[in-house]
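According to TrEMBL, the domain 'Cobalamin-independent methionine synthase MetE N-terminal' annotation covers 5-320. If you look up TrEMBL, you'll see ARG16, GLU17, LEU18, LYS19, LYS117, ASN122, ARG526, CYS527, TRP572, GLU616 marked as 5-methyltetrahydropteroyltri-L-glutamate binding site. The domain 'Cobalamin-independent methionine synthase MetE C-terminal/archaeal' feature in TrEMBL is assigned to 438-759. Residues or ranges marked as L-homocysteine binding site by TrEMBL: ILE442, GLY443, SER444, GLU495, ASP610. The L-methionine binding site annotation in TrEMBL covers ILE442, GLY443, SER444, GLU495, ASP610. Residues annotated as Zn(2+) binding site in TrEMBL: HIS652, CYS654, GLU676, CYS737. Marked as Zn(2+) 1 binding site by TrEMBL: HIS652, CYS654, GLU676, CYS737. For HIS705, the entry in TrEMBL reads active site, proton donor.
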Amino acid sequence: MTIIHNLGFPRIGAQRELKRALEGYWAGKQNAEELQQVGRDLRTRHWAVQADAGVAFVPVGDFAWYDQILEWTTLLGAVPARFAQPADRPVSLDTLFRMARGRAPSGTPAAACEMTKWFDTNYHYIVPELVPQQDYRIAREDLFDQVREAQALGYQVKPVIPGPLSWLWLGKGDAFSTGAGDVGKLTLLKNLLPVYKEVLARFKAMGVQWVQIDEPILTLDLPAQWREAFAQVYAGLAPAGLNILLATYFEALGDNLPVLKGLPVQGLHIDLVRAPAQLADVVALLRPDQVLSAGIINGRNIWRTDLDEARALLAPVKAQLGERLWLAPSCSLLHVPVDLAHEHELDAELKGWLSFATQKLDELRCLAAFLDNTADAGIQAALQAQRVSLQSRRASSRIHNAAVQRRLKGAAELSRNRAPFAQRIARQQKELGLPAYPTTTIGSFPQTSEIRALRRDWKAGAISDSAYEKAIRGEIEHVIRFQEKIGLDVLVHGEPERNDMVEYFGELLAGFAFTQNGWVQSYGSRCVKPPIIFGDVARPAPMTVAWAAYAQSLTDKPVKGMLTGPVTILQWSFVRDDQPREVICHQLALALRDEVVDLEKAGIGIIQIDEPAFREGLPLRRADWAVYLAWAVDSFRMATAGVREETQIHTHMCYSEFNDIMSAIAAMDADVITIETSRSNMELLDAFEDFRYPNDIGPGVYDIHSPNVPQIGPMVDLMRKAASRLPAERLWVNPDCGLKTRAWPETEAALLAMVQAARTLRQPA
Ligand code: GLN
Ligand code: ZN
């Protein structure tokens, strides 16, 4: 029988039980034992779900209180000095929480560790902090306790741990400043490997047979020294006598494939959803004693698998490898919601197209039986049902919109070009009459609990449309009056009607669906509920025009219209898998183009299209960047080029590195780009300076993530610094990002100081 297994199960809980327990514990409302009990319950339940589906080994080590990398970092005792961890004592759960978020119910608060995106997912991990000669030791017992816990329940266990090379690659330290690939980090292997050996020896002593070691960096562009390090590392781990399943995911092994040749591991997991074409090359490389774990069910998306297609791909391999072929999801199921059974509002047709973590394991079980030709009546029926639902999806009139498709075909002729920037900006200045160093904000104003309650009541039908509209108009008026009062130059309406910058648009566009419980962990206790783009995207009616026009009607100052860009909507949704992403992106761009044109018609002279996810859309391999950047930039230009030269287009991007994508940023050709720079002390401007970026820039002058009110002096200094690098006449003054997470008092004080700073800058030196 073909073995099926799983790389990891979502830990947050179908009802976000872990989130609630964590937040209760942090707030002092639950004690540590209550928190531990929630963890045990979740693990017990999740192992049972997996065992019921027939997985051969339950994964252990995928459970994490905050993040699986942080679990491992603390197991290794790699605690930064500022947390004052005694070298001879175990690392406590509260120290783990202090590392994650700066504070915990016990222990002295200290600056939290950095958090960053996990490969190209929307999950964030806590970055390990590396120092030269760092000492490692087994400093936490949780993982071993969990192995025992699962064994006590009668399960065969497969511990899942980050590989030493991936852990080092993901780590950072002041002594290793040249990026992920700094070879200096490899010197830490000397201290690291003995602890890995000790961990494996302890697993072995506990009766474990297989351990899954995740080395996802094998799908990245690796410097030669990193590639070469694999042989030495795994030769070092082999004597532990455990079967090692080396897991790779998110991309093809590509030029790292030769690394695997002769590597003393007993199995290899590859991602056949993202990279099916690598199958033959990998099979050719396997030794007769090695297992291939085929990642065949998509761990990153929520569509049902075409099991006939999967079987067709794998049948020849099955014939060749027999029992040495295992089946698994492509990656950990961390990236999909837990269970479709908790969706009660999706219609039956759409629901039939979907598969969450629990359903994916069922698909795996069916596929195994199908491949083995052992499908009983129940599985036959399930296979047939799967075929029917896939067929219904392909044929459904709901996913095809002939008008959109026709329009997209003709879209090649739609203009993407505006007049040259110099000409545009001159006309815009004439029309807008803004002072030097114009001031603006990024869009949202504080989302008070009253605003949230208002939206909730309206959605629940508790208040009428007209009462809702009146209340939102009241909020807009309040925000406009405030901005006028403090003397901002370009105003915004404040986004009170938006719960979330993607969900708001998704709800107004055709082709989107929303779940009730489709939560996916983003970081720690934070979850997101990505919209599902299931069909051709269209804009049945204007989405923001009425609110923007109302805001503009209240003031003589220009009000900036506010939209979310096509790439960001795409990145933060579950996207249909029957069309290339670039097609969906262009459909979104067309819908937004119409909105931009309608805003202009309604008298809005400045329109901002936020693209905070622009950089995170970059493929993992550099060779694939150009193709992505070409369609991402083209989508932005398509969305924005429908307006007059006088209409000013802004874009906004949150903290990101720009130096290696400057030509794409310039090609977007926004009249004004606002970016997060205050935390980097304007260092992010280097890229714009070196590139001689020609258009206007608003480098954020204060950090909106902190409640601290910024002082005038430092903001003036930051802007002077910016003006020493870029022409002063190209500069805007604005906060780093939207203000929705802030409270009013600090927002008032901060923006007032910011306006004062701009006034200081305008005075002759
Ligand atoms: N306009 C959005 C806001 O101000 C932008 C949010 C973002 O950049 N993530 O909230
Ligand atoms: Zn932002």
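Keep in mind that glycine also has a Cβ here, set from the backbone N, Cα and C atoms.
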>> Using Cβ atoms only, which residues of the same chain lie under 8 Å from HIS652 (Zn(2+) binding site) while being at least 6 residues apart in sequence?
In response: ILE442, GLY443, GLN608, ASP610, GLU611, PRO612, ILE673, THR674, ILE675, CYS737
> Near ligand 2, which of the recorded positions GLY443, SER444, CYS654, HIS705, CYS737 are found, taking a Cβ distance under 6 A to any of its atoms?
Replying inline: CYS654, CYS737
>> Give me the CA-CA distance between ARG526 (5-methyltetrahydropteroyltri-L-glutamate binding site) and the residue listed as 'active site, proton donor', in Å, as a whole number.
In response: 16
> Cβ distance under 8 Å to TRP572 (5-methyltetrahydropteroyltri-L-glutamate binding site), same chain, sequence separation 6 or more: which residues?
Replying inline: ASN122, VAL502, VAL528, PRO530, PRO531, ALA613
> Can you list which of the recorded positions LEU18, GLU676, HIS705 have their Cβ under 6 Å from some atom of ligand 1?
Replying inline: none
> Using C-alpha atoms, which one of the recorded positions SER444, GLU495, GLU676, HIS705 comes nearest to LEU18 (5-methyltetrahydropteroyltri-L-glutamate binding site)?
Replying inline: HIS705
> In sequence order, which residues at least six apart in the same chain have a CB under 8 Å from the CB of ARG16 (5-methyltetrahydropteroyltri-L-glutamate binding site)?
Replying inline: TRP519, CYS527
> Quick one: Cα separation, CYS654 (Zn(2+) binding site) versus HIS705 (active site, proton donor), in Å?
Replying inline: 12
> Within 10 Å of the Cβ of LYS117 (5-methyltetrahydropteroyltri-L-glutamate binding site), how many other Cβ atoms can be counted across all chains shown?
Replying inline: 14
> Could you tell me the C-alpha distance between LYS117 (5-methyltetrahydropteroyltri-L-glutamate binding site) and GLU676 (Zn(2+) binding site) in angstrom, no decimals?
Replying inline: 17
> How many neighbouring Cβ atoms, not counting its own, are there within 10 Å of the Cβ of LEU18 (5-methyltetrahydropteroyltri-L-glutamate binding site)?
Replying inline: 25
>> Going by Cα-Cα distance, which of the binding-site residues (SER444, GLU495, GLU676) sits nearest to the residue listed as 'active site, proton donor'?
In response: GLU676
> Once HIS652, CYS654, GLU676, CYS737 are set aside, which residues in the chain still have Cβ within 8 Å of the Cβ centroid of the Zn(2+) 1 site?
Replying inline: ILE442, PRO612, MET653, TYR655, THR674, ILE675, GLY700, ASP736, GLY738
> Any idea what the Cα distance is from SER444 (L-homocysteine binding site) over to GLU676 (Zn(2+) binding site), rounded to a whole Å?
Replying inline: 15
